[in-house]
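What follows is a short report on a single structure.
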Amino acid sequence: MALLQIFGETNHNFEVPGKVLPNKVFAHDGSEGEEPEQQTAIWPRPLAQKWTVMLFLGTCLLYCARMAMPICAVNMATTFGWSKTQSGVVMGGFFWGYCFTQVLGGYASDRIGGERVLLLATTSWASITACTPLLARLGISPLTSMTVARFLMGLLQGVHYPSLASLCSQRVVEVERGFLMSTMGSGSYMGTLMVGGLGSVMLERYDWESVFYGVGLLSGLWSLTVWRFLLRGQMNTMQMLSSHGSSSGLSKKRWLKMLKQPSVCAMVFAHLCFSSTSYTLMSWLPTFFKDTYPHAKGWVCNVIPWLVAIPSALFGGIISDQLIQQGFGTASVRKMMQFMSMGVSSVFILLLCRPLSFPSAVVFVSAAMGLATFNSSGVSVNVQDLAPSCAGAMFGFMNMCGAFTGLVLVYVSGYLIEVTASWASVFSLITMVNTMGLGAFLMFGEANRVDLWNSSKVTCL
């Protein structure tokens with residue numbers, strides 16, 4: 001509670017589940033703010049619980065499909081005679097595609113609804129996953145067909161998190177958004193564990209094709225279940241597009257004005273810093289353990305941190321929502337969660353700079369990864385506080401920036417390792433980047449809406 005007292009104010013705003021609420025707002029000077037046309041139907045609690053379960057499973061399958069190629073890369077390289085460089089080209093195709101649909105996916109979700117965008121995208125990438133073995137056997141070069149398939153996979157999966165952000169801002173009350181986004185975060189860790197464990201077993205007993213067939217089939221079943229039980233009978237996508245296409249969203253001028261707000265700049269900067277350091281840790285931690293502890297069991301360092309991350313993400317979401325429900329200010333809670341995610345976790349990362357035993361290194365990495373999941377209740381959900389009318393597009397912009405800077409930081413980290421032959425330089429760089437992002441968010445981060453015609457700070461009623 002001391003942290004909350006340091007970070008600021010209390011909050012007494014509320015929303016009513018199951019109601020369509022007019023987004024009426026007033027500036028602090030008492031004048032009424034003019035907002036882009038938007039009416040959002042908040043999910044009633046039973047429906048919200050069903051969607052939470054399905055979105056958790058969907059995120060699990062998303063990561064199963066995403067990690068299927070890296071899991072099968074060695075077997076596929078043996079089958080098709082790929083070199084290390086060619087395998088890297090195939091797997092790298094995903095990230096280039098992933099960068100390009102972030103904003104588009106969020107923008108489409110803001111206009112026609114995140115549920116529909118998720119359903120269309122999941123059905124598409126599930127089909128590509130299931131057809132990957134067939135594509136590899138076509139007459140054209142397997143290297144070419146697999147690179148194109150991975151690029152398309154990245155394009156289609158790039159809309160997932162922006163759609164979740166849009167969906168959360170439109171359908172979930174403020175005091176429950178932290179838990180939903182944290183649940184989605186834990187789903188990503190669960191999916192990574194599932195494909196790593198079950199995928200390895202399927203590779204040993206069958207062949208690499210079975211991994212793609214299995215993940216593709218399960219993802220297709222997810223799409224069918226969502227359409228049959230949650231979306232069937234609702235207005236179709238084209239009708240939604242035609243009815244809302246002319247009234248939703250912000251003009252280019254308003255977008256530029258919104259992006260100049262200090263709170264938005266701080267949020268975007270903190271997100272790209274966090275994304276960059278997360279990509280770097282996920283890319284280089286396996287190599288760190290292999291180089292530093294060559295005789296240790298690899299599965300320990302590849303499994304335990306993710307097992308810690310799953311309950312930690314859920315715990316962070318529950319805590320943040322409970323604090324907001326008790327009246328603590330939304331901005332204060334977001335800052336506290338981000339302080340844990342980028343500040344306290346960096347302390348454990350910095351401890352890796354000195355010589356450690358293998359158990360100590362695993363404990364510190366697990367603590368850092370577990371605390372990092374609190375980001376799902378911090379910056380990741382702050383976009384829904386600042387700009388709920390265009391949260392999908394804004395989150396897509398943030399994620400795109402984070403993906404590009406992540407690629408840069410991963411490369412720079414590899415260069416530092418090669419030049420200095422020391423992991424301390426990499427962990428120090430990660431700590432420095434985290435500190436810069438956290439400092440900007442603590443100084444300028446807010447939770448007042450900025451997506452309004454009146455650019456003054458507002459309080460939602």
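Cβ atoms here come from the backbone N, Cα and C positions, even for glycine.
Keep in mind that what you see is a predicted model, and the values were worked out from it rather than measured.
When TrEMBL is compared with the stretches 137-157, 179-199, 368-388, the one noted as transmembrane segment is 179-199. For the domain 'Major facilitator superfamily (MFS) profile' (51-449), the model gives a mean pLDDT of 86.
If one looks beyond the transmembrane segment (423-444) by at least 6 residues along the same chain, the residues whose Cβ comes under 8 Å of a Cβ in the stretch are 7, 262-263, 265-267, 269-274, 276-277, 280-281, 284, 288, 291-292, 335, 338-339, 342-343, 345-346, 349-350, 352-354, 378-379, 409, 412-413, 416-417.
Sequence-distant contacts of the transmembrane segment (211-231) (same chain, six or more residues past either end, CB-CB distance under 8 Å): 50-51, 54, 57-58, 61-62, 64-65, 68, 71-72, 115-116, 118-119, 122-123, 125-133, 195, 198-199, 202-203. Stretch with the most C-beta contacts under 8 angstroms to the transmembrane segment (53-77), considering only 117-136, 179-199, 264-284, 395-417: 179-199.
Same-chain residues lying 6 or more positions outside the transmembrane segment (264-284) and placing a CB less than 8 Å from one of its CB atoms are 258, 338, 341-342, 349, 368-369, 372, 375, 379-380, 382-383, 386-387, 394, 397-399, 401-403, 405-410, 413-414, 417, 426, 430, 433-434, 436-438, 440-441, 443-445, 450. For the transmembrane segment (336-357), the list of distant contacts is 3-4, 7, 178, 270, 273-274, 277, 281, 288, 316, 319-320, 323, 364-365, 367-369, 371-375, 377-379, 423-424, 427-428, 430-431, 434-435, 437-438, 441-442, 445: same-chain residues at least six beyond its ends, Cβ to Cβ under 8 Å.
Between the transmembrane segment (304-324) and the stretches 89-108, 117-136, 179-199, 395-417, Cβ pairs under 8 Å are most numerous for 179-199.
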